[in-house]
Amino acid sequence: MSSRKTSHVYALLIVGMIAISFSAIFVKWSNAPASIIGMYRLLITNIVLLPWVWAYRSEWRSVQRNDWVRLFLSGFFLGLHFLLWMESLRYTTVASSTVLLALEPILVMAGSFWFFKQKTTAPALVGVGIALCGMMLIGWGDMAVSGQALYGDILSMLGTIAVVIHMLLGQDLRQRVSSYVYNFTVFLVAGLALAAYNLSAGYSFTAYEPKEWILFACMAIIPTVLGHMLFNWLLKYISATSISMSVLGEPVGSIILAWLLLGETLVMTQLIACLLLIIGVWAFLMSDRRAHHPSPPAITEAAPSRSVL
């Protein structure tokens, strides 16, 4: 990959990081059940994708049977992630619900090494360590405000494990399946899985105010199309570990947005934590970029040959 294309890829990674930061805000604004939000978020996204998916319709026949199984599993775990993480926001603050995201890059890193034999450089590990310190500081500051969010923390942790499995399956599938086919299938499976859950729970599919439908659409366009879908596209060009590390930037955006839009408390420890997260994520991505896309060796002029006469 050329250096210019690499720069574009990492710029898109930042766009995705900003987009997913809005997810927690929209969930907090909504009064609908978490599984309803997730279901409409994914199904509306698929409606948006239909024109592009139609252009790639010939690819559906070339997907292998084993890959269909992986696609369905990836979609199931994505739906499970949305259900667990969104539900965690009902029991705890935005800061607390995102702190356990720190587990994601570690688990993805371990899975990438185990399944894909991908190694991580020492400078990248330093970046992970700095970011983890920032995440721990966020959690510590939130615990000082409320220590009654254990159930929400457990849901957030389980949601993190689910998205790690989704990411590892996606890294493998995106080498053979186009972005549009992958996204449409995975989002459809996840949306239908949440629909089945909503039916079993007896939730209404239609009895929601206009404000809720606007929020469902916002969830589809901003954090899903410009966030998760963009990350899935980038899996063809950068590792799942790099994407999961960039997701650690989500708490920074979410905490700032929660302070601006929800009136949640922003304390000094959270500001320091945000700074550590930014430094850690930046250090990891720069190290990963150099490791996987090294600069070409310098070309030196050959010394003029001397006559032996």
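Note that Cβ sites are derived from N, Cα and C of the backbone, with glycine treated the same way.
Heads up, TrEMBL stuff is auto-annotated, nobody curated it.
According to TrEMBL, the protein has these features:
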DOMAIN    10-139  domain 'EamA'
DOMAIN    151-284  domain 'EamA'
TRANSMEM  9-27  transmembrane segment
TRANSMEM  39-56  transmembrane segment
TRANSMEM  68-86  transmembrane segment
TRANSMEM  98-116  transmembrane segment
TRANSMEM  123-143  transmembrane segment
TRANSMEM  149-169  transmembrane segment
TRANSMEM  181-201  transmembrane segment
TRANSMEM  213-235  transmembrane segment
TRANSMEM  242-261  transmembrane segment
TRANSMEM  267-285  transmembrane segment
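The transmembrane segment (181-201) makes no contact with the transmembrane segment (242-261): fewer than 3 of their CB pairs lie within 8 A, with pairs spaced 6 or more apart in sequence. Contact between the transmembrane segment (39-56) and the transmembrane segment (213-235) is supported: at least 3 Cβ pairs lie under 8 Å, counting only residues 6 or more apart in sequence. Averaged over the domain 'EamA' (151-284), the predicted model reaches a pLDDT of 84.
Only residues 6 or more beyond the boundaries of the transmembrane segment (9-27), in the same chain, are considered here, and those with a CB under 8 A from a CB of the stretch are 1, 34, 37, 86, 89, 94, 97-98, 215, 218-219, 222-223, 226-228, 230-231, 234, 237-238, 242-243, 246-247, 249-250, 252-254, 256-258, 261-262, 285, 289. Listed as Cβ neighbours of the transmembrane segment (213-235) (distance under 8 Å, sequence separation of 6 or more from its ends, same chain) are residues 9, 12-13, 15-16, 19-23, 26-27, 29-30, 32, 37, 40-42, 44-45, 48-49, 78, 167, 170-171, 174, 179, 182-183, 186-187, 243, 246-247.
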